[in-house]
Amino acid sequence: MELFLAGRRVLVTGAGKGIGRGTVQALHATGARVVAVSRTQADLDSLVRECPGIEPVCVDLGDWEATERALGSVGPVDLLVNNAAVALLQPFLEVTKEAFDRSFEVNLRAVIQVSQIVARGLIARGVPGAIVNVSSQCSQRAVTNHSVYCSTKGALDMLTKVMALELGPHKIRVNAVNPTVVMTSMGQATWSDPHKAKTMLNRIPLGKFAEVEHVVNAILFLLSDRSGMTTGSTLPVEGGFWAC
């Protein structure tokens, strides 16, 4: 199915690894013009070699002022993928201020800031656009040791709906994708233990974790005009986890 993304300028955060990197690669293959944002210069350097022509931006999105400097003059952006996130997992009784602050700075506050920058540009140009927020199955189901992470993703789902409500009159669609575990470097850090993985897999009717391409395909669909009547949605890519 043709998604007609060629020539569109797309900003992707968390572009250095995992889902973000896969999204950049897929967008580049469609002919889209990609602005790839990561806090790790080495990841951006290797990504530029793989996808010549993309525009790399190295910034820590947890730093509001640095983000404003890096992206405030990024130029016209048609589509946005808010993928950057951290997963600092602690038992509830051991949650630290540092983990809480860092998690909400990157997983929620940065989404607001980057989306404001992109949406204001779209509105000023008088053109439609689309934003996809990468959330999680943890936004709607509790997982042990994920109290802060689950909270950031639950907040992100509601933010997605409010953004859709307020930006809809400007013809800007906003949706979320909610994947199950994906065995990226972040996923492996948490779920590589077979016993722990089994406890999660037992809650997934399809009995498997997601691949990066499963999530990327959902993101590209929501960016494209093929989903032109879809906004404010949370699209599960979780093998039926929410059905249980």
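Cβ from N, Cα, C; glycine included.
Tyr149 (active site, proton acceptor) falls within a helical segment according to DSSP. Taking a C-beta cut-off of under 8 angstroms and a sequence separation of 6 or more, Tyr149 (active site, proton acceptor) has the following same-chain neighbours: Ala87, Leu88, Leu89, Ser103, Asn107, Ser136, Cys138, Val143. Per Swiss-Prot, the feature active site, proton acceptor maps to Tyr149.
The Cβ of Ala15 (NADP(+) binding site) lies under 8 Å from the Cβ of Arg21, Thr23, Val24, Val34, Ala36, Val37, Ser38, Asp43, Leu44, Leu47, Asn83, each on the same chain and at least six residues away in sequence. Residues annotated as NADP(+) binding site in Swiss-Prot: 11-40, Lys153.
According to Swiss-Prot, the feature substrate binding site maps to Ser136. Under DSSP, Ser136 (substrate binding site) is assigned to coil, being neither helix nor strand in the three-state scheme.
Positions annotated as N-acetylmethionine by Swiss-Prot: Met1.
Here Swiss-Prot flags Arg21 as omega-N-methylarginine. The Cβ neighbour count for Arg21 (omega-N-methylarginine), using a 10 Å radius over every protein chain in view, is 25. Look at Arg21 (omega-N-methylarginine): DSSP puts it in a helix.
Ser46 (phosphoserine) counts 13 other C-beta atoms within 10 Å of its own C-beta, drawing on all protein chains shown. Taken from Swiss-Prot, the feature phosphoserine covers Ser46, and the record attributes it to a large-scale study or a structure entry.
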Using a 10 Å radius on the Cβ of Arg39 (NADP(+) binding site), the other Cβ atoms enclosed count 19
